[in-house]
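One structure is given here, and the rest of the page talks about it.
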Amino acid sequence: MLWRQLIYWQLLALFFLPFCLCQDEYMESPQTGGLPPDCSKCCHGDYSFRGYQGPPGPPGPPGIPGNHGNNGNNGATGHEGAKGEKGDKGDLGPRGERGQHGPKGEKGYPGIPPELQIAFMASLATHFSNQNSGIIFSSVETNIGNFFDVMTGRFGAPVSGVYFFTFSMMKHEDVEEVYVYLMHNGNTVFSMYSYEMKGKSDTSSNHAVLKLAKGDEVWLRMGNGALHGDHQRFSTFAGFLLFETK
């Protein structure tokens, strides 16, 4: 145990020895302010080069927010922007109030006249044998517009247009042949001819499409022979307007 205490006090004396030497040097030298020049020999090591700057330390914590600054001045007016796209259709608005009556309009142009209806059909209920004269029909079944004259057997065109005519005649058995002519204002358009020996009857027919002016007349004229007529109406004459013309 004794030798351990001896070693302890020797180490302690070696630790304080430089400090005591430095204090002696300091007390013997004049005081000129600051550390004595020779004290660095016992208290400090030799001077060396400055070391390199160490790396930056980690960022510190965020600071406390500052006070709200004053409002700045108004900026200059900006340029007009580009035209935007067309928006969606809006909802239907409420119904507006009824407006006032407008002024009376000008008189309009004449309208299209209604379509004129013209048609007739006549027949022979009795025999007819008056040669070279207009055929007078004893019965008129249809006379729309009343433009067929029952007394004269003639049709008068009320308007200019295109008309259709047809007739069918039965030869009387007492004659061999018969001629019938379709007349237009006194001119023969065409004729119908029927032939058969006596004692026998025969029926012939013909048709025409005529362009008539207003006031023109159309009728049938009897030539040679005789026509058969009874309640069965074998001999007929008919016509109607197809369409008007200017």
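Just so it is clear, glycine is given a Cβ too, placed from its N, Cα and C backbone atoms.
Taken from Swiss-Prot, the feature domain 'Collagen-like' covers 51-113. The region 'Disordered' feature in Swiss-Prot is assigned to 53-110. The annotation compositional bias 'Pro residues' is assigned in Swiss-Prot to 55-64. Marked as compositional bias 'Low complexity' by Swiss-Prot: 65-74. Among the features that Swiss-Prot reports, compositional bias 'Basic and acidic residues' is placed at 80-107. Annotation comment: Swiss-Prot describes 113-246 as domain 'C1q'.
Per-residue pLDDT, averaged along the domain 'Collagen-like' (51-113), amounts to 84 for this model.
Each residue in the compositional bias 'Low complexity' (65-74) gets a DSSP state, and the totals come to 0 helix, 0 strand, 10 coil. Applying DSSP to the compositional bias 'Pro residues' (55-64) sorts its residues as follows: 0 helix, 0 strand, 10 coil. The helix, strand and coil residue counts that DSSP assigns across the domain 'C1q' (113-246) are 0 helix, 72 strand, 62 coil.
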